[in-house]
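Just below is one structure, and these are the notes that go with it.
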Amino acid sequence: MSKMRVYEYAKKQNVPSKDVIHKLKEMNIEVNNHMAMLEADVVEKLDHQYRPKAEKKTETKNEKKAEKKTDKPKRPMPAKTADFSDEEIFDDVKEAAKPAKKKGAAKGKETKRTEAQQQEKKAFQAAKKKGKGPAKGKKQAAPAAKQVPQPAKKEKELPKKITFEGSLTVAELAKKLGREPSEIIKKLFMLGVMATINQDLDKDAIELICSDYGVEVEEKVTIDETNFEAIEIADAPEDLVERPPVVTIMGHVDHGKTTLLDAIRHSKVTEQEAGGITQHIGAYQVTVNDKKITFLDTPGHEAFTTMRARGRQVTDIVILVVAADDGVMPQTVEAINHAKAANVPIIVAINKMDKPEANPDRVMQELMEYNLVPEEWGGDTIFCKLSAKTKEGLDHLLEMILLVSEMEELKANPNRRAVGTVIEAKLDKGRGPVATLLVQAGTLKVGDPIVVGTTYGRVRAMVNDSGRRVKEAGPSMPVEITGLHDVPQAGDRFMVFEDEKKARQIGEARAQRQLQEQRSVKTRVSLDDLFEQIKQGEMKELNLIVKADVQGSVEALVAALQKIDVEGVRVKIIHAAVGAITESDISLATASNAIVIGFNVRPDANAKRAAESEKVDIRLHRIIYNVIEEIEAAMKGMLDPEYEEKVIGQAEVRQTFKVSKVGTIAGCYVTDGKITRDSKVRLIRQGIVVYEGEIDSLKRYKDDVREVAQGYECGLTIKNFNDIKEGDVIEAYVMQEVARA
């Protein structure tokens, strides 16, 4: 005997699944539900349990049939007539019961009447059961009419396959199968599921019912096209073709980024720009040895980071331009850290080799400190010595770009709907919203309905980097398009859809979703919730950006932070530099989900605004041990700060007055917030904290005041400090107690 499930056995025995489960529990056989599998020996035991009942039932049925057969000749008996519900018979029985003298005559009349009524009753019951029989009277005609549609329903064929999305109600499933809802409810009951006609069925229940009917089931999975950034379309390997590499040129100011690109393109980009410094993101394509290379000329590295922060990698190769006569500069280090954080291969271009003071070996030596070791010195970083001015070494650089792109095996499918990224966007007076797009897969054509970020439209016109109109753009090709309803942001993703109606729906839905996201609180890593994230397994490494007042402090702080050892989490310093905390640091922290540590330095106004909008955690300290203790305590889950610093105002020192026995009086103008008499202050000079202390006196004209608001002038002295100079910034702050959650 083969195995079978509980519900199959219940169906075989024509009993509910719950009854079988109850029997099994009485036999000390544990089953969880009606889907449990029964072994052959268990099935045999169950058969023994159910067999005696079956025999008894058959015996009782046979006895009843025999009784009926023997009762047939005894039709005149009055006891039998009492079983029928005919009014006339009951009347006759009553009449027969009343007269005691005429009992025999009553019995004779009763016998004749009951014989006729019994025959009529049996004919009526037979017609009711079988849907047949003589159509005598109105009572017999009604059931025959009701049974007419039944044969038609049985003849209806079952579908070979049904599809559903999410779930189905009992009524919907019955309609798809072409069956009555009551039949489906009965089957569910046999499976141990109590359901009503409007009850939703899960996937398992739908599959069980359909398998019982021998119908194939297919579930439709809906894709949220509004979140098309998350949709990755897997292309077949045979559809992929080689695409041009996308190259970003990065480096320090005036090290020759735009001049290098100009030399490669044989155009005069630099002359068109104010002061020879790039003012916007440009995307250009050049041809080398019958192969194309796409260059992005970014203003420093802010746009590069912004695009990465938006969750999409655009650049394939980074060219790090370093002047041979200047060496590694702060922005060079920032560019290295940005490229490494994005896991993009770096090619170092040592520029200005035509200058007599050029020293490429010094540059190579300095870059070794940042793990960029030249190939000739046993490393894996490609170094190209060149001069953008004389065009010496350019061919070697371009060959190296093509070599790295071959190593990276950059491929894309051109035969699909286009997707890509916005490089630049602006509002043109004559043409309306204009966007420079970089196609990353597929082919963009004129007339395509398109969704770009949170806006939408139809591609009205396309212009390539040479200013010529084109009808289509393939992978890695930059084009400027018109036809959008609004100006998108640099770094936004775009996707082409089949029709403009759908593009509009998705564009509006994305705009609505962005509005909701802006209202909700963004979750960024902060020391306050760091331990919770570590505990939940969300954090494997803690990214830090370290800024300090002097190089010695930077090195000491980095060394101390890297020694912190907490099980399961490691500290990763993604950027360390000297100077005030800038907006660029906040951009990098946003892209890398990092915490900014400031040691003896302060964030500037733009950095503060960016940190507030992006919810980046900035920690400011003056004692190195406090930094280490705070980070270590946060990682171990012991961080419990009771007080939080709140900056209430800033004042700029416009003039100083030295008064004997008083000290230096600072004539100040309150630029932000307010300065209060009881607040603590710190003196900031060129972004570096010089002194922290308390206000000794605060006056307006000759009157002592409790506070001075924004836009007013005042005079103040700092307790035990007189080295105040014009141009210094006095920052007032208070310590507020924070209620811990």
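Any Cβ shown, glycine's included, is placed from N, Cα and C.
Cross-referencing 351-354, 379-382, 471-474 with Swiss-Prot places the feature region 'G4' at 351-354. Looking up the ranges 265-268, 289-292, 297-300, 517-520 in Swiss-Prot, the one annotated as region 'G3' turns out to be 297-300. From the options 219-226, 251-258, 507-514, the stretch Swiss-Prot describes as region 'G1' is 251-258. In Swiss-Prot, the annotation region 'G2' applies to 276-280, one of the ranges 16-20, 276-280, 536-540, 551-555. DSSP classifies ASP254 (GTP binding site) as coil under the three-state reduction. Counting other Cβ atoms within 10 Å of each Cβ, the lowest count among the binding-site residues GLY251, ASP254, LYS257, MET353 belongs to ASP254.
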